[in-house]
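According to Swiss-Prot:
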COMPBIAS  537-557  compositional bias 'Basic and acidic residues'
COMPBIAS  586-597  compositional bias 'Basic and acidic residues'
COMPBIAS  620-640  compositional bias 'Basic and acidic residues'
COMPBIAS  754-773  compositional bias 'Basic and acidic residues'
COMPBIAS  787-801  compositional bias 'Basic and acidic residues'
COMPBIAS  875-885  compositional bias 'Basic and acidic residues'
DOMAIN    61-121  domain 'SH3'
MOD_RES   S50  phosphoserine
MOD_RES   Y215  phosphotyrosine
MOD_RES   Y253  phosphotyrosine
MOD_RES   Y257  phosphotyrosine
MOD_RES   Y393  phosphotyrosine
MOD_RES   Y413  phosphotyrosine
MOD_RES   T547  phosphothreonine
MOD_RES   S569  phosphoserine
MOD_RES   K710  N6-acetyllysine
MOD_RES   T750  phosphothreonine
MOD_RES   T844  phosphothreonine
MOD_RES   S909  phosphoserine
REGION    504-990  region 'Disordered'
REGION    863-961  region 'DNA-binding'
REGION    945-1123  region 'F-actin-binding'
MOTIF     605-609  motif 'Nuclear localization signal 1'
MOTIF     708-714  motif 'Nuclear localization signal 2'
MOTIF     761-768  motif 'Nuclear localization signal 3'
Amino acid sequence: MLEICLKLVGCKSKKGLSSSSSCYLEEALQRPVASDFEPQGLSEAARWNSKENLLAGPSENDPNLFVALYDFVASGDNTLSITKGEKLRVLGYNHNGEWCEAQTKNGQGWVPSNYITPVNSLEKHSWYHGPVSRNAAEYLLSSGINGSFLVRESESSPGQRSISLRYEGRVYHYRINTASDGKLYVSSESRFNTLAELVHHHSTVADGLITTLHYPAPKRNKPTIYGVSPNYDKWEMERTDITMKHKLGGGQYGEVYEGVWKKYSLTVAVKTLKEDTMEVEEFLKEAAVMKEIKHPNLVQLLGVCTREPPFYIITEFMTYGNLLDYLRECNRQEVSAVVLLYMATQISSAMEYLEKKNFIHRDLAARNCLVGENHLVKVADFGLSRLMTGDTYTAHAGAKFPIKWTAPESLAYNKFSIKSDVWAFGVLLWEIATYGMSPYPGIDLSQVYELLEKDYRMERPEGCPEKVYELMRACWQWNPSDRPSFAEIHQAFETMFQESSISDEVEKELGKRGTRGGAGSMLQAPELPTKTRTCRRAAEQKDAPDTPELLHTKGLGESDALDSEPAVSPLLPRKERGPPDGSLNEDERLLPRDRKTNLFSALIKKKKKMAPTPPKRSSSFREMDGQPDRRGASEDDSRELCNGPPALTSDAAEPTKSPKASNGAGVPNGAFREPGNSGFRSPHMWKKSSTLTGSRLAAAEEESGMSSSKRFLRSCSASCMPHGARDTEWRSVTLPRDLPSAGKQFDSSTFGGHKSEKPALPRKRTSESRSEQVAKSTAMPPPRLVKKNEEAAEEGFKDTESSPGSSPPSLTPKLLRRQVTASPSSGLSHKEEATKGSASGMGTPATAEPAPPSNKVGLSKASSEEMRVRRHKHSSESPGRDKGRLAKLKPAPPPPPACTGKAGKPAQSPSQEAGEAGGPTKTKCTSLAMDAVNTDPTKAGPPGEGLRKPVPPSVPKPQSTAKPPGTPTSPVSTPSTAPAPSPLAGDQQPSSAAFIPLISTRVSLRKTRQPPERIASGTITKGVVLDSTEALCLAISRNSEQMASHSAVLEAGKNLYTFCVSYVDSIQQMRNKFAFREAINKLESNLRELQICPATASSGPAATQDFSKLLSSVKEISDIVRR
């Protein structure tokens, strides 16, 4: 019996038994060898002998002698069956080296080259796995026991080998070093000539390792066979060779079926082309792409049937289907963080290969990755893939792409590159980390671009390690050149957890969350959606873990990938979620979605400063440079704030005022954390996330103001904003349901209309362009253009400037009147006063602030008196219409007139109210708005700021938080009131004075532009826009470079701008709409520069240069319209 056991373990005599071999001997005596009920790994380990092949026989030096690594069954075409461990002699290779002709004792034939290895190579050892990533090694050992190990070569550093050893639930990695004399060692005291000797030594004694090497990890996955035949380029197959079985799903051009290749008894996937489709060329291009790519993590093409329709593409069959469904339905105990990271690593490896081959995928998403045995993942669906001949590929007009996975530059310009695939990989990584959640939950497809434009990014998923989230954020850099390459991403996965394991990191993250849960704020702040109802749903998905049907908001009911994804995603109960917020009872958590109007408000109050920054729904830059707390900010600071960095307030910038700014109270892009905890991302990532606002950091000062805002009014279109104007970015979270009607509803410079008409920006704008957008008006371009002039010289006083150009005439008085209730910047006492006023429903008039005296900044007393005359005259004309609202609204300072909308319509759009006001009233309100710009900033700062923020979404939010349902919301949330503007007054005096001439110009311009203000989007046709472009080109050609040329060109440009803004909603295709918005934005920028030109440039060449830019933008508009 002893002799049998000695033979079993490969020892010649008892003396040859090592301590390790003794262990195997005892196991062999107690159990049968390779019994059927034992796991494969243990049965192999029981037979494994560390001294195997330590001494090479004389025949093993033959270079043509190979050994089989896997079993292979012959299936025609002169192939040869081989069994694992069998020796064979190689006679030659086919044209591409993927098949070799071999001879064994059983005969001669073709075998796959990657199924055999030279008899004297390392691959013959069961413990040597070749090039394997660190993450893959941890995955391969995840089901092992103490002493399970493997030896691998680094994927990123060829030639560098390591030992990966599992012990007590963790995998340890030891680098194998090479001494100067060529010997190998892990511990410098023990050096060896060969790797096999080193492994044998450490199988007997630990000698620096955590434990001895006992059980080699099995090689689970056979390599992919590239092509089922050694014959040259044999892709065309006989249709009769395929037996079609059941349908697996639908693809872009047809359907996918499971089939059997009868010739080889091989299960395959068959993609068919719909007979009535005209996409034959695209379908065949997909097959051509697949012929060129061969990688273990890319789905392999087996053949095509293209002689006659229906056309087939036959690929290898992946057992577990697409990754998206697999993640949603898997056992999360089995598919742990280690497995998820392993999957992500495989995908990055495949994309690195495509990157090197100059291919782009263009549709990278979880739904287009397939899962096989042992969590093998392969990238599939190359229907949109292209071989890159240049740096970018421009898709044809009308091409469809999955918006939520598509990079911004691709949405705006139809241009794709490998960097746009990197963006999609970041979204795919988010899908993996959330077990298949739909990206941007609760956010409409039409809103995604605008959110991204404002640097909004998805929050970090629960339990996601910081390093993984940093990688996601790196993939989501706005500028494509700032994104990493797939080679860098793959390398990052390789080195991401050198000092720890992902399991430890995930447990640490979940532990942090659990600690927060004990403190009552364990909930991760929900994604900020863009609509009132979806905002409430987003809150529910955090508050109701026991109601998975509430998890996905709008994202579940929409087709996120256009035609590529089913319209309805499966419900996803989330795995790791803290208990519901203790402040909400069970009934509240289970309320129907439409009833839960104020849930998010309670969440914000509960978490105070930890609520995530919502995506602003106004113009990308409209409110950014108007942060209320940046009253002392310099012009450079304002520019930095406009260009993407966090919108930190002056308080946040000073640790003494807001220590939380540095210890973790800030919230980057929707992810929330507790004060005192380390941030989710490293400091360098903070610069990339501009959705961290001062309103979050300064929320403590406003707690008293929030005390009366337990619930939001459902009538308010922006129900996600906490009380107080300091929450500037909360104001524009929501959009109207009906996007086409949004433009009509909020037609004049209001958030809704302007947002739907706002040009998309594929690139981040400069600070000036953001400043320009602050008060942009869709219906009154001329005033907005002048507004730019004003802002150019008043950068230092942005917080208190008004924006008549962007304020609807009938909205202007409301802005002035509301200034008292929403000027948190003016001090805590002022905020408390405002809070009391709004909490009481504004039933009684509050003490109005003294009327601002004559303008110290540059207006004469006469002009100031004229202001008052116009105001009183205007208020005398409109009291009858606004009588109902005046009874409820908190009175404004004396100067503001009573030009407001009807009472009881809190969500009414400003443009609608403007329509009710009538022509004369509008003109007077406009005049008032212009005059208000020039009031003394030190004394009329609040009124000025009331004009400064005309964006309606922001408008109703603050006030509605504390008002009873019947109280109308006044669209003024003067967020940027300058309570202490005295330091800036000196700087502003000359700048405002310099713009006195432009004020009068603005008045006349506004009067002339009154009709366009009421233009409905449906009345502007394609022909009107084209005629307007021709008129502008004609004006440019007829005019010389003299000063007089500007007025004519400017007028034609403003007409074109007005028509374009009204026409944008008529464009049905999303891609063209994005491009058209960008073109409108360029046009406006050029017009603004042109208007400034007479005052700032006297040289002809400057004007010529402006004209050339203007012509370029006009041509772009014309091209898009003709498209």
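Don't overthink the numbers, they just go from 1 along the chain as shown.
Just so it is clear, glycine is given a Cβ too, placed from its N, Cα and C backbone atoms.
Overlay of Swiss-Prot annotations on the structure.
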residue	record	CB count, 10 Å
Y215	phosphotyrosine	23
Y257	phosphotyrosine	18
Y413	phosphotyrosine	17
Tally of residues which DSSP labels helix, strand or coil - the domain 'SH3' (61-121): 4 helix, 29 strand, 28 coil
Spatial separation of Y413 (phosphotyrosine) from Y257 (phosphotyrosine) - C-alpha basis, Å: 35
Integer Å distance between the CA atoms belonging to Y413 (phosphotyrosine) and Y215 (phosphotyrosine): 55
